[in-house]
Amino acid sequence: MAAEFEDGSPAEKLFNQGYSYTYDDVIFLPHYIDFPTDAVNLSTKLSRNIPLSIPCVSSPMDTVTESYMAAAMAAVGGIGIIHSNATPSEQADMIRSVKSRRVPILSSPVFKTPDSRIVNEFEGDDVPFVFVTQSGNEKSKLLGYVAKSDWLGLKDTEIKLGEIMRTDANVSVPCHYDLVQINGKLKEEGRDFVVLEKEGGEVVDVVTKEEVERVKGYPKLGKGTVGSDGRWMVGAAIGTRGSDKERLEHLVKAGVDVIVLDSSQGNSIYQIEMIKYVKQTYPELDVIGGNVVTMSQAQNLIKAGVDGLRVGMGSGSICTTQEVCAVGRGQATAVYKVSSIASQSGIPVIADGGISFSGHIVKALVLGASTVMMGSFLAGSTEAPGAYELNEPGFIPCLLTCPLKEIVCLRDSDGIQIKELRCSFSSVNSNNLLYQKGLRVKKYRGMGSLEAMTKGSDQRYLGDTAKLKIAQGVVGAVADKGSVLKHIPYTMQAVKQGFQDLGASSLRSAHDLLRSKTLRLEVRTAAAQVEGGVHGLASHEKKAF
């Protein structure tokens with residue numbers, strides 16, 4: 001009779017030895033494959049009542065998720081959580097922006113009143129049109145538009161817009177048009193752009209032919225994350241103070257689909273009371289609690305009535321909570337432990353933080369998470385918010401005028417050119433990009449950084465009433481990753497391959513294999529971690545995906 005093999009350790013044994021493991025500390029042993037990669041189903045739940053096609057959530061950070069990111073995440077089948085480092089009305093407007101469109105394209109059109117004069121509007125290369133509305137902003141009816149080509153031919157550049165604007169009714173389409181419908185309209189009319197409008201004539205956005213072609217070049221988009229009303233789903237973060245009840249009311253009126261209580265340590269009387277308030281006031285609205293890393297923390301929030309749990313404390317790349325406060329937990333251990341108790345109540349778990357590679361996503365999901373929440377993994381993408389920063393102290397980076405716009409000119413405060421840096425990319429079309437050593441990067445900061453705290457995120461760390469602000473995060477920059485419309489589909493394909501190697505055709509299958517002790521793990525030594533990555537090369541090509 002053949003003896004049974006004892007190879008690797010079951011998760012229950014590995015995570016009960018008193019060690020705090022990160023994703024890199026552990027590795028799964030391969031299992032048996034009896035299905036193709038395309039058979040892997042990554043559909044899941046964010047919370048009790050929010051289904052997703054893919055297990056991806058963008059973090060509620062002010063350098064990660066605003067309208068553009070949330071729209072893109074919904075388009076690829078995930079969801080974005082709008083940050084709360086804004087006024088309640090501003091946050092609600094971001095929610096409305098996502099809910100009012102069906103294409104993952106956001107622009108920054110210029111709006112003016114009919115009495116405005118265009119002396120300086122067209123001096124920049126990035127303003128092809130000026131749109132004329134009754135109020136001079138997008139929240140009113142479109143009256144017409146002026147193209148840059150029209151303006152260049154004028155002798156009197158101080159003429160009123162109302163006198164020279166084009167009034168073509170065919171330039172507008174309903175805001176619920178999808179990419180296929182918009183592309184058809186552009187071809188039918190032979191136009192370079194269309195204006196998305198609500199029923200009352202209010203402008204939602206402007207979509208150009210160039211942007212449509214860009215998106216068409218990415219992996220084909222499916223239906224996306226759509227609610228029962230046919231609109232994209234989007235979440236929002238709030239705090240646990242009394243003022244957040246008013247913020248919550250604004251968000252509900254804007255159509256928010258799920259609320260995330262944003263706290264670095266969610267096991268508090270403040271959060272428990274807010275959970276109960278949300279469920280009593282808006283019983284149909286899912287509320288996600290956290291952050292937690294222990295089973296007892298999770299149990300307290302489950303008893304309070306949460307519909308989902310956010311797991312992670314100090315595991316983010318820009319988070320310093322573990323160093324500053326000496327509390328937290330390795331993310332692999334935290335996800336496994338919290339998921340073990342949450343699964344007993346049917347509560348989905350969001351693994352928040354520590355995601356640098358597709359392999360980390362595989363580990364988080366197999367260890368029990370239903371979704372992964374990502375900050376740095378998405379920061380620096382086309383859809384992430386950002387701002388210019390100084391390359392060097394005292395220098396101001398600005399773009400030189402050249403055919404490819406690939407030169408960054410460093411000037412001092414008097415405008416005197418100091419030196420030039422050549423960008424490694426052939427195109428630069430956004431003013432929120434910072435360049436370092438020939439790389440295109442965007443600012444990325446922790447919500448616990450002093451810079452973010454000055455805008456209100458100190459409440460997340462229960463420090464909004466403290467006289468001294470203690471940073472639990474840093475400010476940095478991340479390399480350009482391109483569009484999440486390409487980045488996420490490629491990453492999900494890699495995740496599917498990981499699931500195939502483990503013999504798991506779905507998240508439920510992976511969880512069952514783990515709990516039945518079929519899947520085995522081992523702890524990796526420092527040398528094993530080096531061996532498992534790129535090594536022994538003088539150099540290699542680095543790509544985001």
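Keep in mind that glycine also has a Cβ here, set from the backbone N, Cα and C atoms.
Annotation comment: TrEMBL describes C319 as active site, thioimidate intermediate.
Among the features that TrEMBL reports, active site, proton acceptor is placed at R460.
Summarising the annotation, TrEMBL assigns NAD(+) binding site to D262, S263, S264, G312, M313, G314.
The K(+) binding site annotation in TrEMBL covers G314, G316, C319.
As annotated by TrEMBL, IMP binding site applies to S317, D352, G353, G354, G375, S376, Y444, R445, G446, M447, G448, Q472.
Sequence annotations record features per position, and here TrEMBL assigns domain 'IMP dehydrogenase/GMP reductase' to 21-390 (among others).
Averaged across the domain 'IMP dehydrogenase/GMP reductase' (433-535), pLDDT for the predicted model comes to 76. Residues or ranges marked as domain 'IMP dehydrogenase/GMP reductase' by TrEMBL: 433-535 (among others).
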**Listed recorded positions D262, S264, G312, M313, G314, C319, filtered to Cα within 10 Å of G353 (IMP binding site)** = G312, M313, G314, C319
**Request:** Round to a whole number and give the Cα-to-Cα distance in Å for the pair S264 (NAD(+) binding site) and C319 (active site, thioimidate intermediate).
**Result:** 10
